[in-house]
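As recorded in Swiss-Prot:
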- 21-276: topological domain 'Extracellular' (TOPO_DOM)
- 25-129: domain 'Gnk2-homologous 1' (DOMAIN)
- 33: N-linked glycosylation site (CARBOHYD)
- 58: N-linked glycosylation site (CARBOHYD)
- 101: N-linked glycosylation site (CARBOHYD)
- 145: N-linked glycosylation site (CARBOHYD)
- 242: N-linked glycosylation site (CARBOHYD)
- 298-627: topological domain 'Cytoplasmic' (TOPO_DOM)
- 337-623: domain 'Protein kinase' (DOMAIN)
- 410: phosphotyrosine (MOD_RES)
- 466: phosphoserine (MOD_RES)
- 510: phosphotyrosine (MOD_RES)
């Protein structure tokens, strides 16, 4: 084949994989040039055959692993792909397609390579790599520069090591060689771990690989991972994998019937027949129960947006098509947007409680028609928000642009919003200090995810008590992303001439100059936590000291050494006063006038969860601008 024809073939070969690729997160690739091939060599032909096999429509995307060989020695090529155990077949396929495209561009002449992505790994070599343990291609990463507090470091390292090694034992014994683990570190911090081997390894080789990878991880940080070409391990203090998927995968099998053995007696008339009937009956019972469980699971996963069903979506499968719901279904669920179903109203529209025909309850937000945003932009933003998967964010289930309206459908929160309890004298007593402190930590976790842990940096811009919803267990979830802005990878600040949000919560630089950043969210967080501590709205202070807002009042009490006078009388006698004062201190750091002096959310979270972190002296606050 001529070089020109070869180039044309390669071009079409590459472009054939790019159509369906979306949202693949590249990590690293390794392709040593110790052995290479020429453009016209048999090895390239075999490599193309191998990659075509791995990316075929019928490849094993549902299991997340496939291996293949092509050609004869010395030009034989062996390869495999391994997708992360919690991703969907669609995401697996996209990642494999992307990696194949990347491989032929980044390693155009190397005879071996390994490509790592967050969602998958692709590997090929001129040596046999199947069912063979390999420690090459190692890559180690820590989660930024955030370290666990020095006094707790050894205990944390032991905790992570023990938890991850337990997961390694489970993974090595499982058919898919994959396992996730979730363990409580503190009242506000949960450890999430994931370990995985290529399924062609033996149990012992898988455990040896994972054990080595865990030893290499920087266990003194708040997160870390090790990637080998045969296995990988990762831990974080946030949920980085799809909990819903792994919960289903790792669910224990149904309990077997009583283990009492059947006793056979000598052949008496009718006895043998009765025993056989009994055995068949038991087996059929077990099979029917198993089939019902499988059918129920499949039904829950495959429910579509039809007039008879509620939406059900998995984070990795989210597309515009999967999110779009039938307007008539939503209208019926809200009883034609009945006033009796209305549960709230804000600047961007009305909120209704909806109940689908299968009993699923949802919150339906009917957006006002004043927005100038086009349908395409609206759909794109909906998909972005829907992909934000965190336990402290309200989950967006779908949308509709039917009937001349724009509608958002969220998961339903039975306990309404934080302000419903916090500012009602009759309900305040349901929020003791323990519960309030838990709410504060949950809000911090949600903002931290938006600012740092999600793939996009997102500024909420409207953090306030009414936008913190509470689930059945009073866990907080951030809601209402109508004003949220997405920042680019290197972007730290943005200006706007359109000041939107809620006065009293807005950082001064935003309210006055239109400048917003992660630090403007930090300011709003500080005001919100002061409200949680005091039980009073930020704009309802008309005290004897002349303060007309909560920040001014808190600053004056702090300066006078009487910070505890800020605390809600309902909780003052049943709280850890040192803990409350520390929270007030953190709030005052958040509302400092100079945005550069305000801590970022990861630092704030460390301050909240570790009493050994020294807090700096707060400087003059930026007093809120009132409407």
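Each position is counted from 1, following the chain as shown.
The backbone N, Cα and C atoms fix where each Cβ goes, and this holds for glycine too.
Features per Swiss-Prot, on structure.
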residue	record	DSSP (3 states)
33	N-linked glycosylation site	coil
58	N-linked glycosylation site	coil
101	N-linked glycosylation site	helix
242	N-linked glycosylation site	coil
410	phosphotyrosine	strand
466	phosphoserine	helix
510	phosphotyrosine	helix
Which residue, of the recorded positions 33, 58, 242, 466, has its CB surrounded by the fewest other CB atoms within 10 A?
58
Rounded to the nearest Å - Cα separation of residue 101 (N-linked glycosylation site) and residue 410 (phosphotyrosine)
37
I'd like to know which of these modified residues, 410, 510, is least surrounded, judged by other CB atoms within 10 A.
410
The residue listed as 'phosphoserine' to residue 410 (phosphotyrosine) - Cα separation in whole Å:
16
Round to the nearest Å and give the CA-to-CA distance linking residue 33 (N-linked glycosylation site) with residue 410 (phosphotyrosine).
51
Residue among recorded positions 58, 242, 510 with Cα closest to the Cα of residue 410 (phosphotyrosine)
242
Cβ contacts within 10 Å for residue 101 (N-linked glycosylation site), all chains included, total 20
Round to the nearest Å and give the CA-to-CA distance linking residue 58 (N-linked glycosylation site) with residue 510 (phosphotyrosine).
53
